[in-house]
Amino acid sequence: MDVDYGKCWDTSKKSWKSTLILAYQSLGVVYGDLSISPLYVYKSTFAEDIHHSETNEEIFGVLSFVFWTLTLVPLFKYVFIVLRADDNGEGGTFALYSLICRHAKVSLLPNRQVADEALSTYKLEHPPETKNSSRVKLLLEKHKSLHTALLILVLLGTCMVIGDGLLTPVISVFSAVSGLELSMSRDHHQYAVIPITCFIIVCLFALQHYGTHRVGFCFAPIVMAWLLCISALGLYNIIHWNPQVYKALSPYYMVKFLKKTRKGGWMSLGGILLCITGSEAMFADLGHFSYAAIQIAFTFLVYPALILAYMGQAAFLSRHHHTIHKIGFYVSVPDCVRWPVLVIAILASVVGSQAIISGTFSIINQSQSLGCFPRVKVVHTNAKIHGQVYIPEINWILMILCVSVTIGFRDTKHMGNASGLAVMAVMLVTTCLTSLVIILCWNKPPILALGFLLLFGSIELLYFSASVIKFLEGAWLPILLALFLVTVMFVWHYATVKKYEHDLHNKVSLEWLLALGPSLGITRVPGIGLVFTDLTSGIPANFSRFVTNLPAYHRILVFVCVKSVPVPFVPPAERYLVGRVGPAAHRSYRCIVRYGYRDVHQDVDSFESELISRLADFIRYDWYKAHGIIDTCNEDDGSRSGASSGECRLTVIGTLDLSGTPAFELEENVQPASVSVGFPTVESVTDVIEMQPVERRVKFAIDNESEGDSRGEMDTLLQEELEDLYAAQQAGTAFILGHSHVKAKQESSVLKRLAINYGYNFLRRNCRGADVSLKVPPASLLEVGMVYIV
């Protein structure tokens, strides 16, 4: 008993130690952007709309707004509520969307299967639904327009995150470098800050290909040093200049501020909201850390440091009303430490920029996985740490845009207006999606979700309105960028779904495939043919076109569907769904390979070898099951009646070792199975399997009576099929892909014809093809031309 107790206590101690280490590491990744906001908040707020006066009402009102905004949004909204809406530990816009799609049929992504709900990471609980929550669910599921609106909302939030990735490096580095103005003449300052800022931005993006784990090894110490630095400066300024500044934390000063400044005070909120830039990173980067680690780091270090920093600046400005003292961060820094603070500030701004750039790469990779972004090259920079990616095309485009914005805006005011609007748009999207999660996923009363939406939505709408009013003063940039990106992403997604619908309507029956043979002049050639398709059932039209033009196909035929499911990760043991297409003698199979939106896709060599291994495991399993050596408990044989003729049940093939005689029993690891069902018509863009997945409990046992002739015949047939598979592997593998051209129908509207005939086809021609994305060797590629009329 004592030993067990000691172990338990030691485990708890280790868990706390690891949590504290994660909290320390999160400083460099999560809080880089949020921690550098004191560099530019006061400067942006007092740019033109309001002026600092002798009464200190303006500076105290701004401090009160900053304090309550930091308290309500990052602390209450994110740390205590939104961070709990995780998707298997993952956060961000797509995590909320996947949660909603799993609890309500609102997804527009194709290939939806009930079998996917058997994934261990699907994490779908079924608590008792309240009457009101079920009404909201039915309302969402009933109207297809709401599905589209929800997707557009998610895409809008995604585009604003990308816009934030463009604007954060600009404003943070520019604000840090602008500290040189106190050590230079105005003429020299104008010609020094812009080139230095551009040089740092170029260097920052040039280092991205090394990966976050290499360029970011010193991030946490830098942010820690910066937080300690601004805390010490804040305490010094409070004690030295105005110890009574704490009174300004009262909400009374916000009311007083708005009464005095009126319209100017409302417009200045566009600068105040910059104090919460980077708050979304706490949720977006949740997968790299833990809820407890992010909560501890913010509550006990980042939040107090920021409050002290803003109070210190306000205390200094309350005693300096002369016009020669320009509003800004560096005026409150004593001359003796100004240069060291400048160096730490520049390093901290680079760290903050790195975090948002990495987040931009990650969210574009997720969008691409879910069919919402054109295919681009994704480089995984770390084999050990999951999710660290680098996208060359996006990296250089962002760099050019950042340099252009720096040269074009040239001041903190316009940069702050643009950055503020992007930040508030992302937060509004998160608030709306979290409200749906509260009702659909947490099954709370709608009144709680409405209260959450009204409380935080009203705050964010107030700040958002103050940003939108400055459309001509910089806020136009994120709006223009978001409109462009949403258009690109929606057109790509729309055409992808329409192609899937076309394939689903024009798929070929299994009887057609089984009828192919020497009587029709069709021959089987040595090797393995991997036919890639988006369909989870039936024979794709591109294969029938292939056989029509080239009357031969491979001895081993595998229809491969690489699909994304609305979960962040799919365990390797649950990735492959394998089944037969036709009888065993036909040597045709179907394999559905499932990936989550944050999974790393395998390269072609490992994918091919893994696929062959899973096929061999399935062949052994299928023969054992057919001859009664493997008993399946709790299997409803009646569920087979809905399956398409000749196409067998798909089985999850994971890490079970079936290479030898089965002599063990597996009771705990329940392997799910699914049924592939074809539909003659399609009511929506999803190929939904209506049957419930069958939980299969696999039991291995040796039956002495089966050791006769049937067992010998089974072993012979099994060996023949395995030999055919390995012989085909030695002969070579061919990858059969469709090369599509999409055209809009003649009767389509002008807008649709422009979007499909020019927009989508331009993107398709200039992005990476499916063969490049799958890393197919050119010598093994067979492309089948297909024209889609949508």
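A Cβ is built for glycine as well, from the same backbone N, Cα and C atoms used for every other residue.
Curation plays no part in TrEMBL annotations; they are all automatic predictions.
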_transmembrane segment according to TrEMBL, located in which of 21-42, 769-790_ = 21-42
_Positions whose Cβ lies under 8 angstroms from the transmembrane segment (385-409), at least six residues beyond its ends_ = 165-167, 169-170, 174, 194, 197-198, 201-202, 205-206, 208-209, 211-213, 287-288, 357-358, 360-362, 364-365, 376-379, 415, 418, 474, 477, 569, 598, 600
*For the transmembrane segment (264-284) and the transmembrane segment (189-207), check the count of CB pairs under 8 Å (sequence separation 6 or more) and say whether it reaches 3 or more.*
no
_Stretch-level contact, the transmembrane segment (62-83) and the transmembrane segment (475-495), CB cutoff 8 A, at least 3 pairs_ = no
_Counting only residues 6 or more past its boundaries, what in the same chain has a CB within less than 8 Å of a CB in the transmembrane segment (219-239)?_
24-29, 31-32, 35-36, 38, 245-246, 301-302, 304-313, 315-316, 332-334, 341, 344-345, 347-348, 351, 354-355
*Intrachain neighbours beyond the transmembrane segment (150-177), with Cβ under 8 angstroms and 6 or more residues off its ends*: 33, 36, 39-40, 43, 93-94, 96-97, 100, 106, 108, 140, 193, 196-197, 200-201, 204, 277-278, 280, 284, 329, 342, 345-346, 348-350, 352-353, 356-357, 359-360, 363-364, 367, 372, 398, 401-402, 405-406, 409, 412, 415-416, 418-419, 422-423, 425-426, 429-430, 432-433, 477-478, 481-482, 485-486, 489-490, 493
*Mind checking which residues reach the transmembrane segment (421-440)? Cβ under 8 Å, same chain, six or more beyond either end.*
73, 77, 81-82, 85, 93, 96-97, 99-100, 103-104, 132-133, 136-137, 140, 153-154, 156-157, 160-161, 163-164, 167, 270, 273-274, 276-277, 279-280, 283, 446, 448-450, 452-453, 456-457, 460-461, 463-464, 467-468, 475, 478-479, 482
*Grab the pLDDT values for the domain 'K+ potassium transporter C-terminal' (526-788) and give me their mean, rounded.*
71
*Which of 21-42, 296-317, 337-364 has the most Cβ pairs closer than 8 Å to the transmembrane segment (189-207)?*
337-364
